[in-house]
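Record features, source Swiss-Prot:
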type    : residues : note
MOD_RES : Gln1     : pyrrolidone carboxylic acid
MOD_RES : Met11    : methionine amide
Amino acid sequence: QTPQWATGHFM
């Protein structure tokens, strides 16, 4: 379960 902020931060 990945937060929305983590999606743009790591990817």
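Even glycines carry a Cβ here, placed using N, Cα and C.
Of the modified residues Gln1, Met11, Met11 has the largest number of other Cβ atoms within 10 Å of its own Cβ. It is 15 Å from the Cα atom of the residue listed as 'pyrrolidone carboxylic acid' to that of the residue listed as 'methionine amide'.
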